[in-house]
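Below is a structure I'd like to ask you about.
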Amino acid sequence: MAQVGSLSAEMETLNHVLSLVEAFRAFDADNDGRITKAELGGILGSLGYNASEQEVSAMMQEGDKNRDGFLSIHEFLEMNTRDLEGGNLASTLSTAFEALDEDGNEILTGEDLHGVMQNLGLDLSLENCVHLVASLDADGDGAVSLDEFRLIVDSLV
């Protein structure tokens with residue numbers, strides 16, 4: 001298992017990425033896996049940002065690498081993780097998942113995450129752990145499989 005200091009840094013990075021996944025889901029109003037210019041503008045407005053149409057267009061152009069007019073989760077994560085410290089983000093996140101998967105079953109539940117956090121002396125409530133896991137749970141089974149996790153990690157490499 002990773003050392004506590006190292007795992008804490010990895011968990012901080014993981015928490016940031018999970019927050020981005022949640023933000024993406026909030027932007028993706030119609031749940032089609034893509035953010036449109038209108039969805040981006042609407043969410044920014046609801047958050048109190050009075051972004052002009054030109055500013056929203058510039059944000060879309062910055063992130064839309066394949067020029068299809070949408071932001072995918074991959075593009076959204078890439079756009080919002082460029083400045084993270086720590087070298088290889090994908091490697092950091094993979095290490096975090098391996099450390100959290102104490103029983104090696106390649107499944108991580110909120111309860112699993114909470115147990116690891118408690119063992120490390122980190123104060124993260126069960127509710128927060130369940131919420132973090134739910135933000136990555138693509139199939140709605142209440143857990144994150146290694147495959148679901150890899151979808152996020154692969155988008156960052």
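Glycine too: its Cβ is placed from the backbone N, Cα and C atoms.
According to TrEMBL, the record shows the following:
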type: DOMAIN; residues: 15-50; note: domain 'EF-hand'
type: DOMAIN; residues: 51-86; note: domain 'EF-hand'
type: DOMAIN; residues: 88-123; note: domain 'EF-hand'
type: DOMAIN; residues: 124-157; note: domain 'EF-hand'
Do you know the mean pLDDT across the domain 'EF-hand' (51-86)?
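Across the domain 'EF-hand' (51-86), the average pLDDT comes out at 85.
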Please work out the helix, strand and coil residue numbers for the domain 'EF-hand' (88-123) from the DSSP assignment.
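Helix, strand, coil within the domain 'EF-hand' (88-123): 22 helix, 3 strand, 11 coil.
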